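If you check Swiss-Prot, you get these features:
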BINDING   24, 27, 40, 43  Zn(2+) binding site
């Protein structure tokens, strides 16, 4: 889990748009966040395996 202070800092409106960054809405992780789902890869994988993300299924080819 991310520090509460860092999550609060990220949620503030930044003075410059280039300073804004994505964070996982579930756990607060700042790296490897899928913008479309607003989830990090770890949370995305957990929820996808449980079937809680509509339209997502395991690929097989």
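Cβ from N, Cα, C; glycine included.
Annotated features, which come from Swiss-Prot, shown on the structure.
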| residue | record | CB count, 10 Å |
| --- | --- | --- |
| 24 | Zn(2+) binding site | 22 |
| 27 | Zn(2+) binding site | 14 |
| 40 | Zn(2+) binding site | 22 |
| 43 | Zn(2+) binding site | 20 |
Environment of 24, 27, 40, 43, the listed Zn(2+) site - residues of the same chain whose CB lies within 8 A of the CB centroid: 25, 26, 28, 29, 33, 39, 41, 42, 44
Assigned element (helix, strand, coil) containing residue 27 (Zn(2+) binding site), judged by DSSP: coil
Reduced DSSP assignment, residue 43 (Zn(2+) binding site): helix
